[in-house]
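Participant: So that we are looking at the same thing, I have put the structure below in structure tokens.
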Amino acid sequence: GFFQSYAVEVDVKDASNATCLYAKWMMRFLIKYETNSSDYKSATLNLSSSVTHNGSVCGNDTQAALLAVQFGEGHSWSINFTKSNETYQGDFITFTYNTNDTAVFPDAKRKGPITIVVKDTMRPVELNNIFVCHNTDFFEAENVTQIFWNVTVQAFVQNGTIGKKESRCRADTPTSAPTVPPTIANVTTASTTTLSPAPTTAPKPVENPDTGNYSLKSGNKTCLLATVGLQLNVSQNKPLLINVNPKTTTADGACGNTTATLKLNDGNSTLIGFTFVVKNSSASVQKFYLKEVNVTLLNRLNGSVISHADNNNFSEWDAFLGSSYMCRKEQTLAINEDFQIHTFNLWIQPFLVKADTFSTAQECSLDDDSILIPIVVSAALAGLIAIIVVAYVVGRRKSYAGYQTL
């Protein structure tokens, strides 16, 4: 599960041979594609050692800057930057992969280049500042996950001089809690010795994960709220339970009118994405539900992908639009036969958040204790009837015995 990846460094010059756009970063792509047998396979596309940057543009006050690279057998990636009076920021990311590359996409059903476009979530950066993000960020769209780390970029460089002041991404901010390894279940292995038998101790169970509070903003308004404890159950080689640590987890994503995505990054080692959509239950009633979940486990040291799984056929956590969904008890989302996500103390609202607070919650069936009431009442009535019947039978026997003595 470890893959070679190369750092890309691009230095774009203007007509006077002065640097106008500079970037250095690492990236990788996880792509799910259909084969000729109509099943789906996952491919990992890495940058090769030779990368060109044809088509890159410096940009100015009226024209966007463009950073474009080409690599491998017909693959390309680009991002354009827009500028205001005091800031610049990424706008759209365009990625094209070529399924004619049989080394990466053997037996692909669809042949030729395929292009996807996603909106960049980079925050505005002050002009003359250089944007830096060592931690991992990722985007998902149309069966493609784009993973980035060790990013350094500055658009609209002034006077050919790279800025010395850094603007850090949220995951790199000094106020973030220190990165710690994820909690992993102890694995007990049998051993023998010729000297004396080792004492047997039961493996320490993994505790339930801590509950984290996450939110997204659209402009100055909160557009998504989530409170949840998350635990991964991975069983590819040996069973592992991994608790997501909210103290080292950052939230990102996007809000929309009918689609919302929450992306969680735990310490640059565990990436989890949740996608919610809106459906029309009737002409006047709309509900939201969880449609897609994807998980990527990374090697913390070099960013290589250890495991990846996704499932876009969920229909869970549904509630009326304008309300929230709550499930305090443990739930399990089975992504595939090797990956499960356990949720604890879940409270989610991906649409129509008002005043930075959750709306009225629709609770899951696991939390609904109202079904116990008729069960208890029925049991009590059944017990009372049984007592009456027994008393009646005993009374009849005593009456009959007295009559016989007479």
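Just so you know, glycine gets a Cβ as well, placed from its N, Cα and C.
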Participant: Tell me, from C133, C223, which cysteine TrEMBL puts in a disulphide with C169.
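Facilitator: In TrEMBL, C169 forms its recorded disulfide with C133.
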Participant: Can you tell me how far the Cα of C169 (disulfide bond) sits from the Cα of C364 (disulfide bond), in Å?
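Facilitator: About 36 Å separates the two Cα atoms.
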Participant: Pop the Cα-Cα gap between C327 (disulfide bond) and C133 (disulfide bond) into the table, whole Å please.
Facilitator: 35
Participant: Same chain only, sequence gap of 6 or more: which residues have a CB within under 8 Å of the CB of C364 (disulfide bond)?
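Facilitator: Within the chain, C364 (disulfide bond) has Cβ neighbours under 8 Å at W317, Y325, M326, C327, K329, Q331.
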